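What TrEMBL records for this protein is below:
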type     : residues : note
REGION   : 14-71    : region 'Disordered'
COMPBIAS : 43-57    : compositional bias 'Basic and acidic residues'
REPEAT   : 184-214  : repeat 'WD'
REPEAT   : 231-274  : repeat 'WD'
REPEAT   : 328-352  : repeat 'WD'
REGION   : 359-380  : region 'Disordered'
REPEAT   : 486-515  : repeat 'WD'
Amino acid sequence: MSFFAPRFGRSILIDSTNSRQKDGSDDIPTPSRTKLSSLKRPVKGEERVRKRARVEDVASSDSESGSDVEMGDVAAVTSRARRRTVFAMRNTAMMAPSAYTRYHTLPTLAILRSFVSSHKSDAFKCDVLSDVPCRSIPYACSYSNGARHGHMPHLAVAMEQGTVNILDTRKRQDWDFEPQRTLLRPHLNGIFDIKWSPDDTLIATGSGDQTARITTMASSVTSENRTLNVLHGQCSTVKCIAWDPSRNGDLLCTGGRGGSICLWDLRVGEGRHRRAAEIGDGPGVVEPVLVISGAHDDLALRSKRRSKKAASAPSVTSLLYSEYDAHSLISSGSGDGTLRLWDLRALSTSAKATVKALKAAQQPARTSAADPTTLHGARRPRGITSVAPGHGPSAGLLFARSADARVFTYSAASLEPLPGLAGPADEPPPAQPQSTSFYVRLAASPCGRWLASGSACGRAYLFDAGTAGAAAARGPGGYVGAGVEVGGQSGELSALDWAEGMLATCADDGTVRVWRPDAEVHRRCEEDSLEERWNWSWAVSSGAT
């Protein structure tokens, strides 16, 4: 018997589907092959859409009329079909991407609302090297670069007496002993800024003694010999420090209260002992290779006040290296809300140049065209206290905190202020008092999603920075409000910094607190607040939304 012979009087290979009709018959005839021939080869343009719509219409209808479909119906059908596909929804979301962010992110305010801090394991008292017991106030703090990538969370806290506490802020049980801390004293005056080198082997500190010092973290060196270099060149208090991320601990910049920016190269200059008689045989003295005097001194404004002796150049309050311009530095000042970019290769360093020629050669490569602090009915410009760069979802943004407790958003590439504000903007929340202190800082998380701003009332205000680009794209008036506040401390909360999965805050009561997200503990604190307040501090919603 042949395998190709008919069985039960029917052919095995029949032009039909493998389904049954409603009336019980065996087969449903397939569409005619002549009507499907147009799909064998891809057709581009509207002709392809028209032929596909005609085939679908023929296959779904009982009759074989084969009537042509109007172009308006084709457009409507294809439009509805595209809206329902996954790829179409993705293309719709990416149709007008924000010019200020790289990623489309969802709000993460719920994670910020779950931040908690234990009174036993997350609270630290700062030590001082003094024979007389006294309370020491932390002026600045900085997490190591390794802590920002999930490694050992070492936190350096700079104190009023010139000491530095290196804390291990790993999560531990409430009654576990605190890991051993390291105590240094590089200065005999208050330390206003502290930064880790890119490889975490050095720490740079800027003090009120008008010097910056480089301290090694090598365990083989005794505490008395840890200071490697003394950086002389500032004529006033050193307010801010920035390491060059492209160099492994060789180059850094400092900004002073007198308005100057100094560039230091630790590979050269150790033989220039300008004050060798005063320093003696101590650490190597280094002089700057470049000095920018009056970095934020407005010449027009200074000419009006030339007769006033009290007039002085605005302080340099924050420094950071630009991600978009090689060998360039971004600075902010206490005089207004403009940012300036300096091309360090184009600035003149000639010692023989006259003051006028040197001033003409030392001009910023770029300056913010507008001052956002003068908007919204402000009577005078406000200075910037701190600048933080965005990362990840907030890449391409710069966040700057002004002296009146507002947080403004700038474009990192052009330094132009964006219309969307992040933080208390047009109507600051009542829970956040206004502050004119230039000690209060701003910090961005390593993931780039969150910002934290200090205050004068012992509280830190947290908000979602990942949606700041969307707020800027909405146009004037749009901003992301600080929806969460964390407390548990008293006095001015000026210093704070982020590591991966945690936030450290320092207040004038001499305490350091570490905050972590824990939804379960936060739920217990809200359900039984009278009992849990003895064990925890937790985040609460503020007046802003």
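Heads up, the Cβ atoms here are built off N, Cα and C, so glycines get one too.
On this model, are these features tucked inside or out on the surface, and what's nearby?
Counting residues 6+ beyond its ends, the repeat 'WD' (184-214) has Cβ neighbours under 8 Å at 129, 139-146, 154, 156-164, 166, 223, 226-232, 234-243, 245, 247-249, 252, 254, 256, 264, 266, 283, 439 in the same chain.
For the repeat 'WD' (231-274), the predicted model reports an average pLDDT of 86.
Beyond its flanks by at least six residues, the repeat 'WD' (328-352) meets 242, 253, 255, 259, 261, 263, 289-290, 292, 295-298, 301, 314-322, 358, 361-362, 364-368, 370-374, 381-387, 398, 400, 402-403, 408, 410, 415, 417, 438 of its own chain at Cβ-Cβ distances under 8 Å.
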Sort the residues of the repeat 'WD' (486-515) into helix, strand and coil with DSSP and give the three counts.
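The counts are 0 helix, 19 strand, 11 coil.
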